[in-house]
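S.K.: Encoded as structure tokens, here's the structure I'll be asking about.
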Amino acid sequence: MTNETPFSKNAEMYRDEKVFAEGEDLGLMIKTAECRAEHRVLDIGAGAGHTALAFSPYVQECIGVDATKEMVEVASSFAQEKGVENVRFQQGTAESLPFPDDSFDIITCRYAAHHFSDVRKAVREVARVLKQDGRFLLVDHYAPEDPVLDEFVNHLNRLRDPSHVRESSLSEWQAMFSANQLAYQDIQKWNLPIQYDSWIKRGGTPADREKQIITHLNHASDEARDTFCITLNQNGQPISFCLKAILIQGIKR
């Protein structure tokens, strides 16, 4: 992740947030990965450690990397609390992974790629450290192909969190995978429900930015309201919306 501030300030909130802690996509990732006892797993943008900890019973070792020292500390203490011994966390960036070529059987990245300063470089790094026939499992929210809706959702997320760089479209992901010999496959798409109040609190969004967000949501087109499931109360205060999420698999060829 690039801008460390929101995660540094609110690391504990990310550990307890249901979107990260209890998402059904975790089980889907594990099922898709076809884990074996001898596998080594790398989780990029590990956050509070939920993904690495979820994989840990099925593999030999999980390593989680995150750009923020505070997140690494939270994830490490979380693993210690759970008594998990085959997981470790360290500071590092997706664009410069501190590992040799062909190091991992499985690489995961869950709700983090939209923070990467150079997502294309990050995908190149994934392909470098992934073993031949290894699996890259990516979960993130994505932008619609319609450029107006793309700009709407990326602007919304940047208003709330300056560390948001860009949620890519699926055609962009396909191109990045193809350029790095990763065989692309859509595994599953879903709407990711967002409760407005907890989303704002978790992001540590200043009051002036929140006013801009409320205006942005109130001025949404009918198509944007439908696409992102925007719900407002009678006073125009946001209640909830959704982001478009996907699990993508890339097998290194």
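Positions of Cβ are set from backbone N, Cα and C atoms, glycine also.
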S.K.: Have a look through R110, R128, R135 and flag the one Swiss-Prot assigns to the S-adenosyl-L-methionine site that G45, D66, A67, A94, E95 belong to.
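M.R.: So, going by the record in Swiss-Prot, that would be R110.
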S.K.: Near E95 (S-adenosyl-L-methionine binding site), which residues of its own chain have a C-beta under 8 A away, given they sit six or more steps off in sequence?
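M.R.: Within the chain, E95 (S-adenosyl-L-methionine binding site) has Cβ neighbours under 8 Å at F116, S117, D118, K121, A122, E125.
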S.K.: In Å, how large is the greatest distance between any two Cα atoms among G45, D66, A67, A94, E95, R110, the listed binders of S-adenosyl-L-methionine?
M.R.: 16
